[in-house]
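Marked as transit peptide by Swiss-Prot on the basis of sequence analysis: 1-37. Residues or ranges marked as Zn(2+) binding site in Swiss-Prot (evidence: sequence analysis): His547, His551, His554. Sequence annotations record features per position, and here Swiss-Prot assigns active site to Glu548 based on sequence analysis.
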Amino acid sequence: MLIQKILLNKEISRLPRILSILNYTGLRWLSGSSGRNTTELQRIFDDSKYWQSLSENTTQYTKETGLFKNPYLTSTDGLRQFSHDSLHKAHKLAEILRNSVSKEEKVHYIMNLDQLSDTLCRVIDLCEFLRSAHPDQSYVEAAQMCHEEMFEFMNVLNTDVVLCNKLKEVLEDPEILKVLSEEERKVGEILLDDFEKSGIYMKAGIREQFIELSQQISVIGQEFINNTDYVAKEFIKVKRDEMDKSGISPLLTARLNRDLTGKYYKIPTYGQIPLQILKSCPDEDIRKEVWAALHNCPKAQIQRLNQLVRLRVILSNLLGKQSYSDYQLDNKMAGSPENVKGFIKTLMNVTKPLAARELEFIARDKLNAPDSRHMSDNEILSIVKPWDKNYFSSKYDSDNEMAMIRDEQLRYYFSLGNVINGLSELFKRIYGITLQPSRTENGETWSPDVRRLDVISEEEGLVGVIYCDLFERVGKISNPAHFTVCCSRQVYPDENDFTTIQTGQNSDGTVFQLPVISLVCNFSTVALPNGNRTCFLHMNEIETLFHEMGHAMHSMLGRTRLQNISGTRCATDFVELPSILMEHFARDIRVLRTIGSHYETSEPAPEALLNDYLDKTQFLQHCETYSQAKMAMLDQKLHGSFSLSDIERIDSAKIYQKLETRLQVLADDESNWCGRFGHLFGYGATYYSYLFDRAIASKVWDSLFKDDPFNRTGGEKFKERVLKWGGLKNPWSCIADVLEKPDLAKGGAEAMTYIGDSEDL
């Protein structure tokens, strides 16, 4: 396709951009009465009063603009006009491409295709973000409409025989190939493959079917995503006498509503109450009922998933593929469904016995079995149910209540500003990159809580922009995300209108389109005695922020001439590597000690507290890895081979429960949770990528950073051998280079097995 979307958007001269950095770097801020010194970067996230005063000054003294400094984006009408004008520009570019006949035109053909792709991407990626994160519903609706319109045109282009044939002519002409850059040849090969995956050589009627099917999949997939947070019932009824006799705390039952008869408690399926019941109710039947209610989705959601799977079966059959997985895994690192299943099975074989041993304490507790009695893995796995995990884990944790208290204490060493500032310091040490606050113009952001960070390279200056939308907001998406709004690319030769993009300049004077990304999280704030509201991060939230910043660095440092292969526009089963590698930094005590300082005393985070936390992260970690492997196998199962005659009988919930029963380890044979597994749309047939990249990241960490997480040599190695290539270089070659294992360069089943043979993920 002309767009490779990832998991899953002013007037300026060609002179170097004058950075609108707030000139406060180095300025010190007195926090309350503690005497704590902070940097400007830290202050804009931690001091809500200061941020409010800055925002008011911005409103008073800066000029008006649109979202992301795009002057169109001041209203929903402007968004629609931007989409309309971009579509008009795309039509003109497509016509120029169709009429390319001279040698000079053919030499520039791939670059012009990339420009066409960029024109589409800048609308589709923008709308992907707006429909997910904008607080104004009218923007969400306008973005959905523009996305559908542009996505449909993209699918039309993907089946344009004239465009495809001319691209083939270019790639088969030795004289033209001689003058094309490596990037142009790579992009040409990618785009030709995308044409072929779209059934370009089939009859016109079939190509039209492809367009229609792709559009239907996009629409039903978005509906599926939009409904993953909903449970089947708002509450369930449990008999009062059974609940009262269960041994659960009367303080908890006193918080429950009763039905009209007074004979039943109404247990909600949202909030903290059902989670507290799972942790504290000794009655297994009640826990089972509550657990299933929390995991069940409405039948309509299963119907959406079934329809999504059916449409993908029809699409893959139309294109002559055995399965949707076959279709998706072309040109991925894995190469084939067989290799993916082999990787998952290898990982499961390593992990399953370790997971069983982790659950042994629950099995013994349930049976009151003495330590002297041997319990086989199968016996353990047949005894321990998913609704047991929270209850018995809570009993286990309650033996060390001080550890729980220390966990809560720990977060006050990690304000959001502390962590962002620490990330900047880390990036400076390993990559030569810093994050600097930048003043925004009126209308540049979609919420007053959004902070803009300019990404500054020691060698290149301004290399990108990150918009941080990190604080909780009503109606905001619940999952953290990295959105590519605008890709890095060199300015095209005939480009002279920079009003809708932000630009930078390389050290050699080359002008390029700045990569612009948005990081979206939902972190809560607390009120402090001095009247400020500050966000203190739990340790898992720190890991989340590091993960998303890993994606951001990939976007910033993967700076290629052409946007089709810049940053995160790479193989789906490679794209999570930089982000998961960052999780290792977030779990390293040396890094955490550098970042953490108490918000009142400025003392560094105590080593004992951090060690306690890191020890707790190992609790049931193999169960978590195995759970991810089951999800990856479900993804392969739902996108495996189905005959067209069988598609009406596809029942994703039955497939899910049957697979769970066979694979064991906290097997779910009670709920239809698969309807809440949103990645089945965005990562259809490629969810294994998460585990695969975890396994690779573990090996990269051990090779480059385990001995010293601040190692500049290791950072430069990862930057030069992985990050800077974006999607240009074969991922297996990148891995072979960074691990210094040449045999991995050819990929295939043996390489997949090597990666899958990992315990420490």
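Note that the numbers count up from 1, one per residue, in the order the chain is shown.
In case you wondered, yes, glycine gets a Cβ from its N, Cα and C as well.
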Winner by Cβ contact number (other Cβ atoms within 10 Å) across the binding-site residues His547, His551, His554: His554
Neighbourhood of the residue listed as 'active site', C-beta criterion under 8 angstroms, separation at least six: Pro480, Ala481, His482, Leu519, Cys521, Ser579
Cβ within 8 Å of the mean position of the Cβ atoms of His547, His551, His554: remaining residues of the chain near Zn(2+): His482, Glu548, Met549, Gly550, Ala552, Met553, Ser555, Thr568, Glu576, Pro578, Ser579, Met582
